[in-house]
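Visitor: Before I ask anything, let me first share the structure, which is written out below as structure tokens.
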Amino acid sequence: MSSLPTPSMLRGLRKRVSDRGGDHIDGAGATDAGTSRCSSRDAEREDMETPQACGGARRGQRALVRSTSASSAISQLSLLSNPNLSLLDSDVKIVEGSKDYPVIIVVVGASGDLAHKKTLPALFSLYYHDMLPHQFAVVGYARSKLDREKFHDVVRSHLVCRITDRDTCERKTAAFLDRCFYFSGQYHDREDWRKFHEWLTEEIEWPMIHKQQQRLIGANGDGGGGGGDVQTERVPGRLFYLAIPPSVFADTLGGISSEAMAPESRGAWTRVIVEKPFGRDTESYEALRDVVSSCFTEDAVYRIDHYVGKPLVANLTTLRLGNFVFDVLWNRHCVESVQVVFKEDFGAEGRAGYFDSYGIVRDIMQNHLLQMMSIVAMDPPASPMAADINEAKVKLLRDMRPLRAKDFVIGQYDRYRAEQGVPPGSTTPTFAACVVQIDNERWRGVPFVMSAGKALDEKKVYVKVTFRETPNHSFVPEELQDRRNSIYIEIQPRPAVELSFISKVPGLTGRVVPTKLDLVYNESFVEEARDMPDAYERLILDAIVGDRTLFISDEQISRAWSIFDPALKEMESAPPMQPALYAYGSPGPILPETLIKKFLAGKMSSS
Ligand code: NDP
Ligand code: BG6
């Protein structure tokens, strides 16, 4: 960082702070010696000896009690999780209001695939678009021994400027890297987390506070790291993004909560972003949940399903609930079937070790497809706020009939067993399709087909709502009588909404043809589509500003497992269900339409 204070400046600043009996150095900031970092951490040591993965929640509660005297003053300082934000609030507006709240984003597992491909580029893009707080730092944490320069090289190689001239791109890249740091540590080692906390406080946090101090006392200006209208000092919030395998979640959460929390007593928050997979069944999810909840309160945990942040998925709610024409059609009287389909044109190459122990049902269906289906099928929430949307989704998940193996068709692409890391006789499905039934007034009897496959003939994700047969055939030529109106929503790669219907061709003939009305994002939102944010950008930004609307609650995940558990158990218990082999690059063993026909003809046993 170009304007880092010297160690002696920092010592002077720290002394001034401690002379005043606490860490707040603004006149208004109430201080409470009992809440200072050192004393509170010392008092907390006993918790580290507990056999639990962590004692953070209890400790958090104690910290809260201890800091009560300061809480009214510091409440102005922190940007807490905000339950009042709703789907309709504009990111830009919220972000403008939050820019004066500094943040440190710690990417745990910064040497890995997700961090390189998604998390770090998303953070760069947010910075590029001026959406991050004025003061921020990105800190990589992983076991790999990298120095800052090497970390920069790796990060740089994954950054992309979506639209820009080369000069701006280079300037912004350099400025972003200037805010990127790296710390090498083990996930299970509390001592490493303790050292990390100290390093973070000394090397990152204090310089940020120092800059604010400089601004407050009018000395030397912002120096490039600060900005905005700061009236009081703000200790940076810490957002831990866990880009690590589930096997090290518990140790990591324990290390963070016992050693590396932001000082809550000084108004700073700590949040963790947790990635799917959230366990591999109810039992393992509950074990994970117990660890998480012993370390963090629910409102500090942001469970990401990146599909929920995709622009078209985010638009599903508006589309169906904000438009009268769709709203009135959205029920069993009008809808014949619904498809939620995920197709990838590549296999498990490079990730087969992970994939083989999860399979397509856990990797895609239980989370991404179920989330999309929930948005399509939930009853209208009472409001666009997070709590109401969650309630509507949970109710729907409760109404879904648990799945059995007989509801599924599963497949495996022919080359799968040759992938590195796949055991010879693996029966892990790389394709699965099933019919989900919803036992409520709105949807009883309507088949919802979920279909997901790797190594198929194309890369495409879509939702298709097919309406019932038109009651009046007099205006429909015989050859088109099988056709149905449908709404097709392509999530990717070409975001679009299409309404299909038949139409008479103009002219003197009576020719009637299938046709459609469409909204293609690239054509209708030309400017925006050129620079469409990635789902991760939106979700990380939401976590920074405390907007939980698009994150997945504990209850949703529990319900999701109870829907899929019975089928998974049946499929995996000896002898396991055998997947049908399909050729790499083919459409897979069954098309969604075929499954729907079978169901409607009563040929599936799931009724
Ligand atoms: P990686 O396998 O790349 O692991 C990330 C980092 O974790 C590695 O760089 C390594 O860092 C450390 N690590 C890997 N294996 C172990 C191990 N056995 N024990 C301890 N540390 C280990 O994973 P991804 O980045 O692909 O995924 C991270 C998480 O995100 C997972 O939960 C995954 O399911 C989820 N996810 C990934 C997606 C993706 O596209 N990759 C998409 C959606 C979710 P080091 O050795 O330096 O400590
Ligand atoms: C991940 C799955 O969650 O989503 C991967 O683990 C899959 O198997 C990926 O490839 C698909 O995400 P996207 O955004 O590329 O469609």
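Backbone N, Cα and C atoms are what each Cβ position is placed from, and that goes for glycine too.
Residues annotated as region 'Disordered' in TrEMBL: 1-61. Taken from TrEMBL, the feature compositional bias 'Basic and acidic residues' covers 16-26. The domain 'Glucose-6-phosphate dehydrogenase NAD-binding' annotation in TrEMBL covers 106-205, 236-315. What TrEMBL records for 318-598 is domain 'Glucose-6-phosphate dehydrogenase C-terminal'.
How about a rundown of where these features are and what they're close to?
Guide: Residue counts for the domain 'Glucose-6-phosphate dehydrogenase NAD-binding' (106-205) under DSSP, helix first, then strand, then coil, are 56 helix, 15 strand, 29 coil.
Confidence annotation: the domain 'Glucose-6-phosphate dehydrogenase NAD-binding' (236-315) carries a mean pLDDT of 93 in the model.
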Visitor: Going by DSSP assignments with H, G and I as helix and E and B as strand, what are the residue counts for the domain 'Glucose-6-phosphate dehydrogenase NAD-binding' (236-315)?
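Guide: Its residues fall into 43 helix, 16 strand, 21 coil.
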